[in-house]
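A.B. asks: Have a look at this one before I ask anything.
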Amino acid sequence: MDLDSVNNDLEKRISDAFCVFDHHGDKFIDVREVGTVLRLLGCVPTEQEVNEVISATEQLGETSGEVHLTKFLPHVSQLLMERKMEPATPEKIIKAFKILDPENKGYLTKEHFGKLMMEEGEPFTQEEMDEMWPVAIDPITGHIPYEFYLNQLMVYL
């Protein structure tokens, strides 16, 4: 497969994802949809990264608050070719959990993990936590057995 066909395939994927949210068929989407389009493409952007894409691609003037495909396509193509915003590997996620588990118990408490998720890094909202708990928490122990949790996440992907 040559580079041109890879670029064409990538541009088609980006264009197809973009057009899902182009409700008027005019090659514009609302800036509030940018993060959703990126996630549909398999990216895992932070809010800062979403805002950077919006800043780089947002139309100014009459169409402020919207992104046009002609600006979005080359910018996001470059990000994807540079492998930006890729999800962490399962190995990296397990390593992170093990850092949070210095006693090597194989689990985290709901209280400790919840506090970290809502106060550190890019905080989760309560709604996001409420969505996560049923998958993360072992109903018998009330803890988060992180290797099992990661396996559950992989099933959902």
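Using N, Cα and C of the backbone, Cβ positions are placed for all residues, glycine too.
In case it's useful when we look at the structure, here is the feature table from TrEMBL:
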DOMAIN    9-44  domain 'EF-hand'
DOMAIN    88-123  domain 'EF-hand'
A.B. asks: Sequence-remote contacts (6 or more beyond its ends) of the domain 'EF-hand' (88-123), Cβ cut-off under 8 Å?
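C.D. replies: Distant contacts of the domain 'EF-hand' (88-123): 44, 46-48, 129, 132-133, 136-138, 141-147, 150, 154.
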A.B. asks: Can you work out the mean pLDDT of the predicted model over the domain 'EF-hand' (9-44)?
C.D. replies: 94
A.B. asks: Please work out the helix, strand and coil residue numbers for the domain 'EF-hand' (88-123) from the DSSP assignment.
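C.D. replies: In the domain 'EF-hand' (88-123), the DSSP-based counts are 21 helix, 2 strand, 13 coil.
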A.B. asks: How do the residues of the domain 'EF-hand' (9-44) split into helix, strand and coil according to DSSP?
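C.D. replies: The domain 'EF-hand' (9-44) comes out at 22 helix, 3 strand, 11 coil.
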